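*Asks:* Dumping what TrEMBL says about this protein:
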{"type": "TRANSMEM", "residues": "21-43", "note": "transmembrane segment"}
{"type": "TRANSMEM", "residues": "79-104", "note": "transmembrane segment"}
{"type": "COILED", "residues": "112-146", "note": "coiled coil"}
{"type": "COILED", "residues": "201-253", "note": "coiled coil"}
Amino acid sequence: MLEKIKDSFFWEVEKRFKNPFLWAFLISWIFWNWKFIYVLLFIDEKYVSISPNIFWPNMYFTKLEYILSLNIIDLYNCLLYPIATSILFVVFVEWITTYMIIILNNVKNNILKNEKLTKEESQDLKNELRKERKKYSDLVASDNNEILSLQEINSEYKIDMEQKVTERLRIAEDKNIKRIEELEENLKKSEVISLERLNKNNNLSKEFNDLTDRHKNEINELRLKITESKNEIDKIDNAVDKYKKEYQEFKKNYLFQQFDDLIDYIQTDRYSLSSRFTWKDIMYLDIKWIIEIAEDNEWDSYYRFTDKWNKFAEYFLENYNWNRYIKGEKEINIEDIPF
């Protein structure tokens with residue numbers, strides 16, 4: 001506790017001594033009260049104690065009485081004048097410092113502006129600036145084209161999937177509703193028939209119950225199939241999204257640059273794919289389930305596309321046609337590519 005109090009005290013004292021106004025006030029006070037300091041420190045008490053009055057030659061003054069008799073200690077000299085001088089000094093010094101900094105900065109800027117470059121340095125600087133501008137322009141154009149392409153593909157994909165899903169749901173719903181209506185009608189008929197038979201013969205009650213349970217089970221099974229069909233549609237949508245994500249990852253692989261070559265090569269010489277691609281590339285495509293091995297007979301086998309690869313090819317063709325459209329070239333139909 002005492003250590004904290006001591007540290008706080010010294011910190012406060014140090015902060016006070018760093019105050020510029022305090023030093024300005026001290027210098028101003030010495031300036032206005034130099035007589036008092038001079039008499040107090042440098043004049044011997046015996047000398048000032050001699051009376052200057054001839055009428056009282058034996059009267060002596062102490063140093064304090066002598067200082068008071070000179071009237072050099074008053075409110076103006078001790079407080080007002082030093083405070084006013086300190087304020088002027090602080091403001092003036094601050095203004096002079098700021099002005100000098102501005103002048104030095106202007107001189108430095110003028111020196112930098114007037115510094116001349118050689119002809120070779122100027123040309124190199126211009127070439128470098130031109131390259132940076134071209135690089136920036138190419139990068140912006142490439143990013144804009146990529147954004148437009150992705151937006152177009154995403155929009156078309158959403159519209160197509162919404163139409164397909166809506167059509168599937170509508171067809172399935174119509175069929176299921178029609179089937180439910182038929183079953184409900186049959187159920188009503190069976191209930192009527194069963195009631196009639198029950199009235200005629202109580203032994204038919206078991207048949208009625210069985211028939212009713214069977215129709216109810218069929219209705220429940222049909223509703224279960226409806227739920228399964230909706231789940232299947234959701235799985236299809238998730239698979240499409242998964243293909244999209246895997247296609248974006250595949251675009252980062254260097255094999256994507258050989259996409260056209262791989263399609264043509266599998267179609268023309270699918271029995272010797274290793275002569276064009278390394279086994280590492282073939283294993284990558286096989287592990288990613290992009291190509292698979294098929295057998296012609298007991299001895300011959302070849303590589304063929306999987307459903308995932310066909311989906312990749314569709315995405316590739318969409319992007320390829322978009323780039324051709326931007327360039328003003330004719331689009332290629334998906335039927336023209338031998339998958």
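Cβ coordinates are placed from backbone N, Cα and C, and glycine is handled just like the others.
Curation plays no part in TrEMBL annotations; they are all automatic predictions.
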*Asks:* Can you name the far-off residues of the same chain, 6+ from the ends of the transmembrane segment (79-104), with a Cβ under 8 Å from a Cβ of it?
*Replies:* 20-21, 24-25, 27-29, 31-32
*Asks:* Mean pLDDT for the coiled coil (112-146), as a whole number?
*Replies:* 73
